[in-house]
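A.B. asks: One structure coming up, written as structure tokens, with questions to follow.
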Amino acid sequence: MLRVALLLLPGLPLAGVGATEEPTQEPGPLGEPPGLALFRWQWHEVEAPYLVALWILVASLAKIVFHLSRKVTSLVPESCLLILLGLALGGIVLAVAKKAEYQLEPGTFFLFLLPPIVLDSGYFMPSRLFFDNLGAILTYAVVGTLWNAFTTGVALWGLQQAGLVAPRVQAGLLDFLLFGSLISAVDPVAVLAVFEEVHVNETLFIIVFGESLLNDAVTVVLYKVCNSFVEMGSANVQATDYLKGVASLFVVSLGGAAVGLVFAFLLALTTRFTKRVRIIEPLLVFLLAYAAYLTAEMASLSAILAVTMCGLGCKKYVEANISHKSRTAVKYTMKTLASSAETVIFMLLGISAVDSSKWAWDSGLVLGTLFFILFFRALGVVLQTWVLNQFRLVPLDKIDQVVMSYGGLRGAVAFALVILLDRTKVPAKDYFVATTIVVVFFTVIVQGLTIKPLVKWLRVKRSDYHKPTLNQELHEHTFDHILAAVEDVVGHHGYHYWRDRWEQFDKKYLSQLLMRRSAYRIRDQIWDVYYRLNIRDAISFVDQGGHVLSSAGLTLPSMPSRNSVAETSVTNLLRESGSGACLDLQVIDTVRSGRDREDAVMHHLLCGGLYKPRRRYKASCSRHFISEDAQERQDKEVFQQNMKRRLESFKSTKHNICFTKSKPRPRKTGHKKKDGVANPEATNGKPPRDLGFQDTAAVILTVESEEEEESESSETEKEDDEGIIFVARATSEVLQEGKVSGSLEVCPSPRIIPPSPTCAEKELPWKSGQGDLAVYVSSETTKIVPVDMQTGWNQSISSLESLASPPCTQPPTLTRLPPHPLVPEEPQVPLDLSSDPRSSFAFPPSLAKAGRSRSESSADIPQQQELQPLMGHKDHTHLSPGPANSHWCIQFNRGGRL
């Protein structure tokens, strides 16, 4: 368009349009050098990059204009609109410049425009769906392409022999076979452009799209073999040449796949060591993938197959190694390049069709080619599908076969190949070019416009893409293992057997070699779900100011909700309560209004809940990392501090943990720490009392202090933040060390004020008399308490705390309650328990002295009888730990040192 605008301006020469080079200023009459020019037009120096940028800009603006109307894009595919736009632009250029200026050059197409599209297709291809249908894809790609090429070429040659093609079309059998090889291949660019807008089901899409990618090897081999035979002449072709042609099919296809896998291995291995240079990770992905394409093209192998296998093989390991920002950059950059290249290709196809000097028309050849490619495509799909359905578990029905036959689109690959023909060797090149343009336009425009109504009319199953839930993934993996086990049992090495063997090999060798160790946590799907749930919970927690605020939490229970000072005075309160007391005027308190008090309470809540960042970040510029902005750093710090405070608050409230930063004080000489084991010498022969919650062995929780936190490194990127690490250790090990960490002290825990009764205590008053129950946990479960299991561990402790009764190391001194009501006046006589060695549960005697009436006691008897089997210790192995020196007990203290 820039050239068109420049051509309309008189006096401005344009390079490449018939204009000469930039005129040089001649010296003056006396031979003096020219003076300093204030302005010089240097178009020839920036012509190439400027035109590239201009074409991409025009293509992007065209896509924006097309999508302004949803009705237009829903009826007409985007590829059709781009071809029509190219025809319009080409006509304008031809009318102004009197000749076609731009064409789709084969070198530009194969080296610059095609690689981004194929890389995007291979990198984001669903690998599981691709390998599940690999047999059908290879059948349609290899057998189907060979069938279409030979049948189309032979049929066109027969059409010429029958006299339906003009005699001026000078072509023999080898020429028609060459034309059939380039016109029979399904184009991946056209298939992607049309089928992504139709949204057919996943199986149908992956078969057609996989065929368009993998048939490149067959197309390249057939094109090169037939072109070589044409150059040699039919009289000079030997039998060994045919054998070489068959062998080259395997060399080109397998060689291209091998090149792609080698570069995929190198790419995955390289990204394993980019932890400290994250900024170059997206660059490595594109460079090595493009190097795979160029290497295969240099060795005359299948470049499309090479870059497809490179993207398909490296994605799993690259996604695990690179950072989240790099993954986002790779995704959007790859999609942008592919979309831009596809847009430019279809526009250039439309512009190239305007130049009538490059093609010649023959109606018989054009119509015959259109009929034969449609007929033999449908016939080949029906025959191959009938064979495949004999072995497929889910057969392809007739509707799928109709869509596959109608979806064989041709595109820019066929046009680029026909342009590469040598006119001296192939005299009918101009007729082949015209026929190819008509076939491409017919398949992209006519079939692209009608395939969506056809799919709706046939009621083809559409794709319902959604991210599988954890339950679906679990069942899918379960079925895979079951089917692999069945094949292993019957001795049949089928698809599931080999897939299971590959997964074991990948887990044992490839993942260990190509992934860094920190990537294994990312691969864990359960951990990923847990992490996302935790992040969502934390975000909602931070949004509430760090506290779970509610309407009840915004006011104090003792604060009256008043509106003025007069309503909140002491006299007014006494008057409302009906008190007869007379207060002196000097002692009447001046109470602020309820709104002022609510504002004060809200101020304290916000000051205690909101967190002001303490870290000072210096502005830095790094070549290896993308530094976070101030808001990102502040949000991250607020999130970490709120989560840490929340965990500390939860631990201290639930399990009576006391965190202190002072140094441990020396213990007095006569002071003895309470143990959870009954010592006969200390009790002087008296029966030991029940073990309480305060008397069990303590678990030392190592928590990072604030001073250590403030001295952390202020690097711009610190990704692996493990948070708080709780370390459970035995009391004996801590006491043997002789000292405790400076951030924690061991001290006796004072009694705390009992909280308000819960619902269970209101319904079952005997529970409130138990005090702090000792929770015993098996030693096997408390030796290792992972950080990611803290939540389940705490819930288990809470369950034991609410259900379990206090175990006894010796026979208890309390008796089982009788079924009849208790009499408060009768004294409790200790019962000799020597005859009953079993440990049993007994309701505390405080209930008998509570002063309850007989009716209240009788009402609680059914509840006690229902709960009595639950609270009795029939199995001592689960709740009673036995001797304390061989078991691990846990105690959380509040308000004191552990």
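The count begins at 1 with the first shown residue.
Each residue, glycine too, has its Cβ placed from N, Cα and C.
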A.B. asks: I'd like to check whether K358 and Y495, as annotated in Swiss-Prot, sit on the same side of the membrane - that is, whether they share a topological domain name.
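C.D. replies: Swiss-Prot topology: K358, Y495 on opposite sides of the membrane.
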A.B. asks: Of the residues N201, N321, which is given the N-linked glycosylation site tag by Swiss-Prot?
C.D. replies: N201
A.B. asks: Please check if the transmembrane segment (363-383) comes into contact with the transmembrane segment (137-157), where contact means 3 or more CB pairs closer than 8 Å and the residues in each pair are separated by 6 or more positions.
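C.D. replies: Counting Cβ pairs under 8 Å (6 or more apart in sequence), the transmembrane segment (363-383) reaches the transmembrane segment (137-157), since there are 3 or more.
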A.B. asks: Around N201 (N-linked glycosylation site), which residues of its chain at least 6 apart sit with Cβ under 8 Å of its Cβ?
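C.D. replies: In sequence order, V460, K461, R462, S463 meet the Cβ cut-off.
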A.B. asks: With Cβ distances under 8 Å as the criterion, find the stretch in 137-157, 249-269, 334-354, 431-451 that has the most pairs with the transmembrane segment (203-223).
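C.D. replies: Looking only at 137-157, 249-269, 334-354, 431-451, the most contacts with the transmembrane segment (203-223) come from 137-157.
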A.B. asks: Mind pulling out the one from 48-68, 76-96, 249-269, 279-299, 334-354 with the most Cβ pairs under 8 angstroms to the transmembrane segment (431-451)?
C.D. replies: 76-96
A.B. asks: Just give the helix, strand and coil counts over the topological domain 'Cytoplasmic' (384-400), going by DSSP.
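C.D. replies: Residue counts in helix, strand and coil order: 9 helix, 0 strand, 8 coil.
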A.B. asks: Are the transmembrane segment (137-157) and the transmembrane segment (76-96) close enough that 3 or more Cβ pairs fall under 8 Å, when only pairs 6 or more apart in sequence count?
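C.D. replies: Answer no, regions not in contact.
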A.B. asks: Kindly state the mean pLDDT of the topological domain 'Cytoplasmic' (384-400) in the predicted structure.
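C.D. replies: When the pLDDT values over the topological domain 'Cytoplasmic' (384-400) are averaged, the result is 90.
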A.B. asks: In the same chain, who gets a Cβ under 8 Å from the transmembrane segment (279-299) while lying at least 6 residues past its ends?
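C.D. replies: Counting only partners 6 or more residues beyond its ends, the transmembrane segment (279-299) has Cβ contacts under 8 Å with 110-111, 115, 118-119, 123, 255-256, 259-260, 262-264, 266-267, 270-271, 305-307, 310-311, 314, 318, 322-323, 326, 329-330, 333-334, 623-626.
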